[in-house]
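Engineer: I grabbed these lines from TrEMBL:
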- 12-31: transmembrane segment (TRANSMEM)
- 37-56: transmembrane segment (TRANSMEM)
- 95-114: transmembrane segment (TRANSMEM)
- 120-142: transmembrane segment (TRANSMEM)
- 154-172: transmembrane segment (TRANSMEM)
- 192-214: transmembrane segment (TRANSMEM)
- 226-248: transmembrane segment (TRANSMEM)
- 260-281: transmembrane segment (TRANSMEM)
- 323-345: transmembrane segment (TRANSMEM)
- 351-371: transmembrane segment (TRANSMEM)
- 391-413: transmembrane segment (TRANSMEM)
- 425-445: transmembrane segment (TRANSMEM)
- 703-730: coiled coil (COILED)
- 775-802: coiled coil (COILED)
Amino acid sequence: MKRKFTEKSFIFYGINFIVGFGFIATIQSVIKNGNYSLLIFVITSFIAAAIMLAFARGTQYFGNQIGGSYAYAKEAFPKSKWFWFLNGWNQFMQAPLFSATSPLFFSTIASLFVNDEKYQILLLIISLIFFVTLTIISSFSLHISKKVILATAIIKWIVFALILGVIVYLVSTNPTPNLFTKNSSIQKITPFIIINSILSFIYAYGGIEGLAGLSTNVKTKNFKKILFYLFGFVIFIYLVFFLLFSFIPSFQAGQGDYVAIIMKNTLGTAGLIIFAIGLLFKQMTSTIFSMVYYSKTIVPLALDNFLPSSFAKVAKNNQHKNAIKFVTIISIFSMIIFTILPKLIGATDSFTTILSAGNLVFFVLYLNTLISILHVSFKRKEFKIPIWEKIFYMIATSLIIVILLISFIPPIINETYEPSQLLVILSYVSFMILGFIVWICYILIKRLNPLHKFTINLTKQIKTKQQLDNIQPTGINAIIKQLFFTSLKSKEKFILLTHQNEFSIKLIINLLTSALNFHNKINELPTNIVYKLNTEQLAFSKKNINTIFYNILSTKNPQNTNIILFIENINLLNDDILEILKTFKNKTNIKIIASTQNVNEHIKYNEIFNFISLENLSKLQKQDIILYAKDQLVSEHNLIIDNDVNQLLIKMIKNNMNFNFILNQIDNAAAYIKTHNNQWFKHIDSLNQTKINLEYQKIANQKLNNNKDVIILNNQIKNLEDEITTLQDNYLWEQNIAQKLILSLQQQKFYQQKIQEYKDSDNISVAYLLENQIIVQIQKEIDDLKNKIKNFQAYKINITKEIFLKANKSITI
């Protein structure tokens, strides 16, 4: 398999990805603290290193699942949906908060050209209109956005190089040390100022977590080592320029305009114009392409039904069009609000304030990631992390918690709520509350929508019908006899299954139908039909339900003797219907099997139903049903299962584990493999998208007659096409082998049943032929196919013990 990056190219890519205007925009927040600036630099870098390592660890274990930190939260806390949403919405909050900084930062720089406050307000309004318009254009025309990427990138990096040249010139001509010296111009340093500086400076490392997600694209055997090298280079570069900035003469400036003042004092108005042009193109590039990136943070929330599923829909250009529109609307709203609000509450540096609110998103994201990784490392034995790494994460987690606590509650260190700090807190908290309001509203809309209810009921009916149609006779009819037949043949024709979950209810339908069909001989049990009564669909009014039940139970049609009613949830029936059941209990041949999960309401059904529970079976009988359920599930998903897992299931039964719990674990393992196989397609889609992006760049370079770049892009596109073809061919080949194996196993099972039938009917010659020739040949094919699947890279088919335990982290045996 071809990879996109070599070790060296990935390190250069990472440096280019991290180092940029984020450092320039926030360096003043560090330098202004004098001797404490080095401490701020070290703490921020320490946290960033922990985050990069944590994301690398998460990517190594969980793969490139959609959602990044959101996926880690789901793995660590599978039952805490509120935590999933908090993490996912927090990731999305980058969109409104960081989008708002674009017009604020640019208007701050533009205001250096004029001193009149009236004109500054006008510049702010023009900046707002410009970036709102740019956001709208980029969301509706990604093709236009692609055409300007090359020009904006070139201008941005030329200006960046000029800025660095000016800094080197200042240091070489007039070095003024600001470290380890007494400087009266430096403000009094407090813990709160240090915390705020760390909160601002983390922006210089923004996006560092995204590099860990590229692990599968790097040709290396030790991705973690590459990350250490990369981060070492980044720290070295930042440290060099941090020291250079520390020897620049002090300028009185806010964070946003610090470098602009340096350019103006060195090169005059021309320097300020150059900086403004570079900033404009940088912000344009960021605004254009951030809409696509931010839209992808919405997709996992939509896939998990926190938001409308239409946000996850992929348009013809392979972008999430609806999600982009949603992000655009929220971003524009944020730009307008955070342009006006700082002026109303008297915040002096609106850019710094909103940037700090956006950086809170980073810190909460990082905190959730570290908590998730640590939780999984303690919970799952197979997720092994060295002790030193856990300590590393714990220290970083503690630092982040302290930073967040002090940021949200300044009075704990005797600081007051300044207007700017109130705006930081209000910005973050209001958008987080807005997220939960959106989620709650969506839940209410779904519940009130009759179409949604109909869809759920129809889906259940279709699934049940498919299962009933695919049922085959099994060898566990003695168990079914014990559970149902004795009662159904006696006066106890109404049976209530207790302690049932959704999966075990489906299993009972399968078992019952199989057994009834098998025993439908000479009226041994007079039925061959199982009806599933969906009481939700009938629940139009009390009167209608009573009429329906009365007609079913009182009819004189002899066909009713061949009816079994299966009621999924007995609690859906009201007291009037229960009275009808009580009245007709001994006056009809109709059989009723109902199910309930609510243990506390059994008393009111005592006079009507005979209680039965699968938990009352012997361990050997439970073992037979569990193994039967396992075969049904793996057959339904076209999977196979190792004998080690069978032994594990038997051990779970012997350890008196709950019957329904074991069934759920089998289902989890099957779903785990299905998810893995789906991820392979997503990876191929991602490569196709990269190829499309390169083709756009190629077109742009052709128009500019950059033949050298066109040749390079052609090679990259050819390599991607080869990689995509290889991946698709490998996947299809492996899928074909897997399907052949499933078919061979089904044939083997079919002939084994036939052999037993021929032996029972004394047709020994045919049984001998099947057993010693046909079965032997099929087994040979199965062994050959099983050897092939051991080397599969893409398509998983086998539920091994390792996969079973990985999919079910709560099992301890």
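Residue numbering: from 1, along the chain as shown.
Using the three backbone atoms N, Cα and C, a Cβ is placed for every residue, glycine included.
Automatic, uncurated: that is what TrEMBL annotation is.
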Engineer: Pairs of Cβ atoms less than 8 Å apart decide it: which stretch in 37-56, 154-172, 226-248, 323-345, 425-445 has the most with the transmembrane segment (260-281)?
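Structural biologist: Looking only at 37-56, 154-172, 226-248, 323-345, 425-445, the most contacts with the transmembrane segment (260-281) come from 154-172.
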Engineer: Restricting to the coiled coil (703-730), what is the model's mean pLDDT?
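Structural biologist: On average, pLDDT over the coiled coil (703-730) sits at 84.
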Engineer: Of the listed stretches (37-56, 154-172, 323-345, 391-413, 425-445), which one yields the highest count of Cβ-Cβ distances below 8 Å with the transmembrane segment (351-371)?
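Structural biologist: Top-ranked stretch among 37-56, 154-172, 323-345, 391-413, 425-445: 391-413.
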Engineer: Spell out yes or no: are there three or more C-beta pairs under 8 angstroms between the transmembrane segment (37-56) and the transmembrane segment (425-445), with each pair 6 or more apart in sequence?
Structural biologist: no
Engineer: Looking only at residues six or more beyond either end of the transmembrane segment (425-445), which have a C-beta under 8 A from one in the stretch?
Structural biologist: 85-86, 89-90, 92-93, 96-97, 306-308, 334, 338, 353-354, 357, 360-361, 407-408, 417
